[in-house]
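What TrEMBL says about this protein:
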DOMAIN    22-166  domain 'UEV'
REGION    179-206  region 'Disordered'
COMPBIAS  194-205  compositional bias 'Polar residues'
COILED    248-279  coiled coil
DOMAIN    314-382  domain 'SB'
Amino acid sequence: MVQPSSTPPPNPQQIQQFLSSVLSQRGPSALPYSEDTKWLIRQQLVSLISNYPSLEPKTATFTHNDGRSVNLLQADGTIPMPFQGVTYNIPIIIWLMESYPRYAPAVYVNPTRDMIIKRPHPHVSPSGLVSIPYLHNWIYPSSNLVDLVLHLSSAFSRDPPLYSQRRPNPNPRVAATAAAAGYPPSPYGRVQHPQHSQARPTSTDDAAEVYKRNAMNKLVEMVHGDIIGMRKAREVEMEGMFSAQAVLRRREEEINKGLKEMQDEKEALEQQLQVVLMNADVLDSWIRDNEGKIKNLGKKNNNVDVDEAIHCVDVLSKQVLDSTAADLAIEDVVYSLDKAVQDGVVPFDQYLRNVRLLSREQFFHRATASKVKEAQMQAQVANMAARISH
């Protein structure tokens, strides 16, 4: 399924140049990683190769279950697995998927022809896919490839995922020990023996060492779980703070909107106040101008003529006054006709004929008054505009 397309040289400087080259490609040959995470991918791969030189970064074609093929980065090689005082090399492939590093990579055990995968295994499927808690609890950007290999080595040391197929062994003592452990020595890579001890450790020492190692691994997993729990709790708190911040921003917008509406209303009221004050000044001027005339008229004759008491200031005002007076007079005549027809003084057909004529005349006077008032309003608006500008 996997065909490597290129293999970088083992020199660390050349490996860094290789990663910089493949991650900086553009166009159809570009790797499908987000631009803002490529620097972190390069940093994690360089750190991985520095800690585990047996792994090599490559680019290869990965085929998804739906048949899609995509060119991805991978780390191919072996990782150390201490087991019963002996360090074995487990062949693996770490695929950096398209969503890496925001999501965990895909790890496969890559057995050679003389190896088989243990069935069943708690962390390795029959196809070689690895599933450990560190992959399930992957947290961006703190999770990294170096810690992943440490957790893989720890998990495999507790339960090795591979068996060597049966073959002749020239050393019966090593074969008997491996058979008793249920995991024959791996033919893949070299076997590293402990350097601090020349004699083979006893079963008691092995059990104590295994217990100590298991206790340390358990402690590491507990601490890691606590860290994940604390991180999730902090994330929940941060989400709550972000929500509160959004609510405060929305309230701030509402307050600013209400303040702007109040300011607009204040400006409108101030404009209305100016109009009222101007009208009050006009009325005061008119009263001052006509107050003396009323007093003089009262001294000459106590019986004031209504028609002479009020004088129109212009032709439009006189026209409005005449039209309004005629309208009201016609209204009184119609009322009198209603009373007369109810009393039987006026015949009904004559009542209808008179009302029709009066209504037509009344409509004419009302239309005239309406047009004159409209013209007066326009003149008043123009006059106020001139005063405000002055």
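Note that Cβ sites are derived from N, Cα and C of the backbone, with glycine treated the same way.
Counting residues of the domain 'SB' (314-382) by DSSP class, helix then strand then coil, yields 64 helix, 0 strand, 5 coil. With helix defined as DSSP H, G or I and strand as E or B, the domain 'UEV' (22-166) counts 40 helix, 48 strand, 57 coil.
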